[in-house]
Amino acid sequence: MSKIIDIKTSIIKIPLKRTFITAVRSTNHIDSLAVELTLDNGVKGYGVAPATTAITGDTLQGMQYIIREIFAPVILGSDLSDYKQTLELAFKKVMFNSAAKMAIDLAYHDLLAKEQDISVAKLLGAKANSIVTDVSISCGNVAETIQNIQNGVEANFTAIKVKTGADFNRDIQLLKALDNEFSKNIKFRFDANQGWNLAQTKQFIEEINKYSLNVEIIEQPVKYYDIKAMAEITKFSNIPVVADESVFDAKDAERVIDEQACNMINIKLAKTGGILEAQKIKKLADSAGISCMVGCMMESPAGILATASFALAEDITVADLDPLDWVAKDLYSDYITFNEPNIILKDNLKGFGFNL
């Protein structure tokens, strides 16, 4: 196969329609780094990853440095057919930096698919071309949250991810306000983003059970490193508990599985460093009988396309890929149709189907 002869990076900033607020950060735009890999036959592959410093530690400048100074010397001149070995060698040279790894990993997959004249989704083995996403509701006061949930329901979303963890009293009050407000057909996913402690999480679960809400999952209630508390919550809860920030890579997945510290793992490519590591996590989870969902950072439509492609290939049906609802449709209309809540990949894509 062809050899990689050039690597370029560029910064992409995308404005949001509204401010995104969680227990750990607030933002009104998306910062991303794009990577362009060029083969000696002229074919170019693209990957885009978000700089979500509060979660992964990545910064735009740091990602550029890692790619230019650490990854490029390994990648340049390598044969595309040796991509697994090349990426393993490159990624071993630096700890963490998962977003920088994601951008490179995705650019490789874009090249691999283009060389076969197929989409990345088909390269990975996907049969379907659409997946249903929830919509995320930012942290805010109870009245604002209820209104934003109503807006989501009116936009045809049937799964609502409610950000919690910033103010526990508000979170408890919200449950009472939600009771009987929405149809049982609406599934709620509560994501604390590590904002609670063990006692608060147990109290929140007990409060849920007082009401008639259709609660599908509780996501990452406590600090990412508190696996003991995650295990105790999983044992205590009658609602599935999701590990998000606790699982970045396959080693993390092994730990939470061994400790029985979750019922489900949220796979995000910006945490795993791309598709190859995500596949390892999914395989481990399958072997242990643990479910998986896919999620994302507040990231570009290009990143959502990559995650949707992975999810479709792995038959993952629980998805939190709603940044498409936060940005202008013309940013992704060439490769995705978004009929809320359905994300539909366009037919006849080559690679991911986007150019930068």
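Each residue's number is its place along the chain shown, starting with 1.
Placed from the backbone N, Cα and C atoms, the Cβ positions cover glycine too.
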Statement: According to Swiss-Prot, Asp191, Glu219 bind Mg(2+), and the residue from Asp244, Asp249, Asp252, Asp258 that belongs to that same site is Asp244
Field: According to Swiss-Prot, which candidate in Ser119, Ser130, Ser136, Ser237 joins Arg25, Lys161, Val162, Lys163, Asn193, Lys268, Cys296, Met297, Met298, Asp320, Leu321, Asp322 at the substrate site
entry: Ser136
Message: Using Cβ atoms only, which residues of the same chain lie under 8 Å from Arg25 (substrate binding site) while being at least 6 residues apart in sequence?
response: Thr52, Ala54, Ile55
- prompt: Out of these binding-site residues, Lys163, Lys268, which one has the fewest other C-beta atoms within 10 Å of its own C-beta?
  reply: Lys163
Message: Using a 10 Å radius around its CB, how many other CB atoms surround Asp191 (Mg(2+) binding site)?
response: 27
Message: If I take the alpha carbons of Glu219 (Mg(2+) binding site) and Asp322 (substrate binding site), what is the distance between them in whole Å?
response: 16
